[in-house]
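Taken from Swiss-Prot, the feature active site, tele-phosphohistidine intermediate covers His67, and the record attributes it to sequence analysis. Residues or ranges marked as active site, phosphocysteine intermediate in Swiss-Prot: Cys178. Summarising the annotation, Swiss-Prot assigns compositional bias 'Acidic residues' to 152-162. What Swiss-Prot records for 172-267 is domain 'PTS EIIB type-2', and it gives sequence analysis as the kind of evidence. Annotation source Swiss-Prot lists domain 'PTS EIIC type-2' at 301-635, citing sequence analysis. For His67, the entry in Swiss-Prot reads phosphohistidine. Look at Swiss-Prot and you will find Cys178 tagged as phosphocysteine. The annotation region 'Disordered' is assigned in Swiss-Prot to 149-168, 273-293. Among the features that Swiss-Prot reports, transmembrane segment is placed at 312-332, 350-370, 392-412, 428-448, 470-490, 511-531, 544-564, 569-589, 608-628, with the record citing sequence analysis.
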Amino acid sequence: MKITELLTKHTIKLNIESKEKENVIDEMVTVLDKAGKLNDRQAYKEAILNRESQSSTGIGEGIAIPHAKTASVINPAIAFGRSKDGVDYESLDGQPAHLVFMIAATEGANNTHLEALSRLSTLLMREEIRKQLLEAESEDAIIDIINQHDKDDDEEEEEEEAAPAPAGKGKILAVTACPTGIAHTFMAADALKEKAKELGVEIKVETNGSSGIKHKLTAQEIEDAPAIIVAADKQVEMERFKGKRVLQVPVTAGIRRPQELIEKAMNQDAPIYQGSGGGSAASNDDEEAKGKSGSGIGNTFYKHLMSGVSNMLPFVVGGGILVAISFFWGIHSADPNDPSYNTFAAALNFIGGDNALKLIVAVLAGFIAMSIADRPGFAPGMVGGFMATQANAGFLGGLIAGFLAGYVVILLKKVFTFIPQSLDGLKPVLIYPLFGIFITGVLMQFVVNTPVAAFMNFLTNWLESLGTGNLVLMGIILGGMMAIDMGGPLNKAAFTFGIAMIDAGNYAPHAAIMAGGMVPPLGIALATTIFRNKFTQRDREAGITCYFMGAAFVTEGAIPFAAADPLRVIPAAVVGAAVAGGLTEFFRVTLPAPHGGVFVAFITNHPMLYLLSIVIGAVVMAIILGIVKKPVTEK
């Protein structure tokens, strides 16, 4: 497939009007929307902003490639926008962006589409193409330039195989990967290959893109390589590099600093990889990684914890909503001895409560351990988490089990390094499961479970004994945490605490947490309705969507507004969410469902007071926004 089957005259804008990043993104999203490529403009924009929050797609050299792969895209497409004066896109080199290519990929985009999208990023690495695009005078000229240089993947591979690698100082290997696998993955690969050719160095680059792994490194190549560059912002297969010198960096380093990386690899200026199981690019030896993504124990702990929480959430949401639906027939409708007993309600409660929700601690522990030690950590983590559930050690016991199992397996990997390479196949199928489950199980049974269960029991009793003042303070803190970063670490920490308390049998904290999480989008929706002169027409349209997202407990619905005006929106959201959280505790509302938004309000002990708390919080936020935001003048 040619790139110009995705980039058409209808998705080209020769003169971008906006000068700042947020407005440029909005302008380019509008181009795709008007061309009929999107079914949910706001959801697509949120996906773009979410990708930008990870690292800027302004890669330098005057190029920005915002991209997202989401179900809000009808057909894969590329939009092109040009600014001869340049726009402030927060590019990695600090320079203005002149060429903006916005890539829209469908959730189920086939390989043909993805390969064409990926090929675009490699074309833009060539200076002569960028110059031609800047000087083109019409949409047709843009199309002609792309067609002139575009080659199908088969042609590229033939050309690559036909041209022997230059004689140099030894063959080095590289792996590139980014979260979406559309742009940065291939731009980093292309930058490394171009620079290696210039330096006279033989290189092979494996790309982990959306269409799968290409040019996969063989065991023999890995064995012979002096060093391996891993430029990746997502997990890649790392155990194959054990014992080799590996330079781990963010994918943007592959684009921005290819010569430095290649020279380090050739000089073997890289640590020996010990097989810890991590595949993230941000390593401690890379200064850029330290500056942008953090380092140290706290960052590592958070990464592993979020791996567990993100994989646990489907069980929480699915199981929790099934339990909530069963309450339509009555709170005790699953009890055969209660007059409200209903067979179908009992089945829903059994599926959601007795099975799905009973797995959450084990799943949490399993995926934490897997994040630490790769697949060998999964089984010991699951077993440890299940033991915590059985011993009433709850969520905290599961957290401990996950980290314990992960590092037990890391220790086992170091202990069994004496085993001959010919017997390596026994490690993942026999040695790690056997000793990992045994050691984790023994430690959980005789060291962890009893004191943690006692602590969880104490914590539950303490929370139940709190007076109104302390409860309100707790509600204010938890509600505010849900709005500070809207889906970020503090939001996830509060949500995780709420789930832990539900698991321990205390339903008050999660009432404040869910109320606080609903306020940001609802407050914005109200503000766009009441204070219409403070928002653009586009914002008012997006505000309608926020009513539904807020009602469904999707805090992230407020992110586009917060990203566009953080100094006004975030403080207002925190105050409103804190008010809602504090009121739920003042009214002593309890909520046994982990998810569901206003649709599970009826299962609280005080449904109307709970809804009132949410409404008051949203109104407070809307009023603050109405006061602090200035009227807008639309063109």
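Every residue, even glycine, has its Cβ placed from backbone N, Cα and C.
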PLDDT averaged over the residues of the domain 'PTS EIIC type-2' (301-635): 86
Best-contacting stretch, by C-beta pairs under 8 Å, relative to the transmembrane segment (470-490) and drawn from 350-370, 428-448, 511-531, 569-589, 608-628: 569-589
Same chain, 6+ residues apart, C-beta under 8 Å of the C-beta of Cys178 (active site, phosphocysteine intermediate), given in sequence order: His184, Thr185, Ala188, Ala232, Asp233, Lys234, Val251
Paired segments the transmembrane segment (511-531) and the transmembrane segment (312-332) in contact, 3+ CB pairs under 8 A: no
Listed stretch, out of 312-332, 428-448, 608-628, that has the most CB pairs under 8 angstroms to the transmembrane segment (350-370): 312-332
His67 (active site, tele-phosphohistidine intermediate) in three-state DSSP notation: strand
Close approaches to the transmembrane segment (312-332) from elsewhere in its chain (Cβ under 8 angstroms; 6 or more beyond its ends): 338, 340-342, 344-346, 348-349, 351-353, 355-357, 359-360, 363-364, 367, 499, 592-596, 599-600, 602-603
